[in-house]
């Protein structure tokens, strides 16, 4: 009907001015979603489902690489309207259409609704935060990085079993040293540039280098 059409267009124009965005967006446009129409219920509730590829800033902890679990928070809220004007509600994340990844396993996407109070205003500002929890799949890194690194580190201990006057002792030590250097470069290339934590496998390689 004409009434429902006008109500639908009015709700969409009002919603666009609300500016529901990803608060910690890393996209240069800040809002990378495609603005679709809003589904308006007779009770006044609005459902807005915009498609888009979201880029967000996340803290990466590589301490237990390659057995690490990463968590990334996606916080959605309004910059212009408080909780007195808009009651932002949360729905459970639907991961039924999730496509499995060769490097990560999706553990879960729990959500939480928060209300923030700022010094400037007495009204609450609600937001919805979804925490994407991912576990790294270790088969690839275990076979190609972890197991060879452990075996080469074991060879470093064999250097002490050879006689001091043996020529093979120096050759074995140099070979192990070069191999560990290559693996350290591989780990440095895979890891993100961060000084917050040192991966456990990096500590293992550094200890083996000091031993040699």
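Cβ from N, Cα, C; glycine included.
Remember, TrEMBL labels are computer predictions, not curated facts.
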Would you mind telling me which of 6-26, 27-47 TrEMBL tags as transmembrane segment? 6-26
Transmembrane segment per TrEMBL, picked from 113-131, 170-188, is residues 170-188
Distal contacts, the transmembrane segment (170-188) - CB-CB under 8 A, six or more residues away: 145, 148-149, 152-153, 155-156, 158-159, 162, 199, 201-202, 205-206, 208-209, 212
Residues in the domain 'Neurotransmitter-gated ion-channel transmembrane' (145-207) grouped by DSSP into helix, strand and remaining coil: 49 helix, 0 strand, 14 coil
Please list, for the domain 'Neurotransmitter-gated ion-channel ligand-binding' (22-138), how many residues fall into helix, strand and coil according to DSSP. 0 helix, 42 strand, 75 coil
